[in-house]
């Protein structure tokens, strides 16, 4: 118990403090509800002293405010003194944030109130789970049973000294296959888990100790002041402080999809989306103390997420499995009939089945041999490595993509984007906002200020203009980050027009309304504390601001009405001149209101935007991103059409198109290629479908126009990718086949609706992502070609040999080793190839195509070659080499394995005749290839008794390697055979 009789907390937080008396008024959430005003004093953290003091907030219950938001009880909030009272209790200043803000205080708050996190979902599959899954595979169970029978029967027949070889060799081979597969699957699952955990992280802006910080949402603590803006997701439960907000709470409460947040309804729930406005809030509960946190702790990512390739692979595997089952049954019947009719003989030439005189042990061993041989055919036919190859390629490549500032949020998007035929983007992805900008033109009214001094502008107009520059810049408030345009205009006003940043009159901010779209605009309402007059300031693209204006100031300070068409046309001509010169035209406007006028208009508009007075126009020079022209050229070579869908007027769009090179060389900017959105959508539906494919630039377009264009393109059979970064872009990002959220300032709503996130605004990075996803598709297809070649060769040679001679060409242990090469090691080798420029020259294929015509040609030819070679060795190998049957069996095994090694190299470049291009750039491929070769030598030369092999001399080794190496010149020859590009299957 503490000194006043309340239960003391078990959490002991201490910090160094210096006392400073600060008065805070506790008031209700609105002037009408602030009937009772009281004063409270508390300690503010200052410099360090030698005294350790426990923070005041720890004297209360940790969950004191955790039920405020969930219960939405206004009376309870008033009892605590409104937002001011809650902030005082939490030792927070409602503008400057947590008063202390030191690492000790932040850690203390985490320990006392809890952290803003919830129990992490377990990994999709732990290592032992992966191991168990492999062991529980039906074919593996049968092989383990067969291995156990081999071991028991072998020891019984040959004794403990030699009888254990067959059983143990099969056990060892099975365990090796299972262990490698389980380890690979576990590793890739861990990588994908890390990727999904990264996607959960959200960056938020907070105020602490008077400074603005960008932190992870997991670092938010109770008492933080969080700055929210259009498109954000509310990171914790909190109380509205100031601003203007509309939020979507439908994720936590059905039917609450557009809720206005104000002093009458100040409760903000964690997980809600900001759909309009901006504001600051005080955090009152975090993590598991919020309903969103409790709900998120129960959500587990689907561990069986599949791409279209998984689906196509499953169908192909089913077909091969059925074919393999038919072959296995045929072999089983053939071997059983041969055995029971006395046509099979043992290694000494004796008939194995002699009716009732056959020993039970001999009968069981023979039947186990027959069943195991049939099962082995099934093991090879059922392709176990393809899912591993897909997951391995995705995990490996998506991790490397993060180095190029790209994060994959939806794995299926990788394959779909690889098949994209059209990418719709906007002006933000072309213009380099971080490069140095300059103000080149300045108009007050219709008068150009070029070459004139600040004294040539009326003092009242200049003061209002400076007022607008200062207060619409993020330097003076905390609602959104400073932009490069802010910095350019501020520095220009200070250096060129002698503006003083310190000369800011006592204005209080009432409301701020930022725009979240390519059509940029910011509105702010201010109260002059000297006379209580309300001032409205708007800054934004001239095309947006000019229609809101009813008057303008000239340089002499006269206010002139924009009442007739002639006056507006003069301004439109000025804007046209600047935009056609590739200048961004920014307008400033102002309006002064009385208290009553403001309350009437702000109730509906937030920041009123009608009857404004135009103060001035600026022409700002901007540049295209470096490398943007080359990026568009790469897209053309790749068969990808890039369409610029922008809200800019036709003149500026046309100018930027010419500068960035979005059109092909020699193409002219015609009405067929560059259109206004409204004019295009005035066409009939049939005309729209016919013309949409030709359009390169759609100017003066809204967010709805952009979405409709995507729908038209999809209806015409295009796979469409769309870039965006704002909440307004969310419907279009969802409509597209692949949504790409771009930029560090991309809103959480846009990120959530996207499939891929790129942490940069440069369109050239989209091209890098396309390069990566095409590489992912190619690596999966290359492995598919390699695996199908080996599987088909094995199935045919095994079936033909058994049906003709009654003997299998390879033992169980040998087949398991070959299967390990084909499935697991082959996937590891081929899935790690890096992207090359060649993938951007390939035609655009539909998503889910496992094999191109080129790959079918390569696969069939190589499989036929391997079948011919192995069957030749099987039937006339003894006469060719002059050796006994056991040596021929080893030659067959050795040749088959080396055929896979050399064909692994062929599979790297299905289209290139020179298969060695870039081979040294993939270290994993070199290492895995040498591991296979070294292990094969060990199996043949040193593990003879386990794998039933005979040692080979150097001539026999040379013959095996030479026969296998001929697949290289043979591959060169078959690539001379042309095939149609359009897929046959």
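Each Cβ is built from the backbone N, Cα and C atoms, and glycine gets one as well.
The feature transmembrane segment, as given by TrEMBL for the ranges 272-294, 295-317, 318-340, 341-363, sits at 318-340.
The range from 87-106, 107-126, 167-186, 187-206 that TrEMBL describes as transmembrane segment is residues 167-186. Under the criterion of 3 or more C-beta pairs below 8 Å, with sequence separation of 6 or more, the transmembrane segment (887-905) and the transmembrane segment (786-806) qualify as touching. Residues 320, 323-324, 327, 330-331, 334-335, 338, 343-344, 373, 376-377, 380-381, 383, 385-386, 389, 815, 818, 822-823, 826, 830, 851, 858-859, 862-863, 866-867, 870-871, 874, 896, 899-900, 903-904, 907 of the same chain sit 6 or more residues outside the transmembrane segment (786-806) yet have a Cβ under 8 Å from a Cβ within it.
If you look at the transmembrane segment (135-155) against the transmembrane segment (925-944), you find fewer than three C-beta pairs under 8 angstroms, all six or more positions apart, and that falls short of contact. DSSP assignment over the domain 'Cation-transporting P-type ATPase N-terminal' (79-149) gives 41 helix, 4 strand, 26 coil. Non-local neighbours of the transmembrane segment (370-394) in the same chain are 137, 139, 142-143, 146, 181, 184-185, 188-189, 192, 307, 309-310, 313, 316-317, 320-321, 323-325, 327-329, 331-332, 335-336, 339, 408, 411, 414, 776, 779-780, 783-784, 787, 791, 794-795, 798-799, 802, 808, 812, 815-816, 819, 822-824, 826-828, 830-832; each lies 6+ residues outside the stretch with a CB under 8 Å from one of its CB atoms.
Mapped onto DSSP helix, strand and coil, the domain 'P-type ATPase A' (204-298) counts 12 helix, 47 strand, 36 coil.
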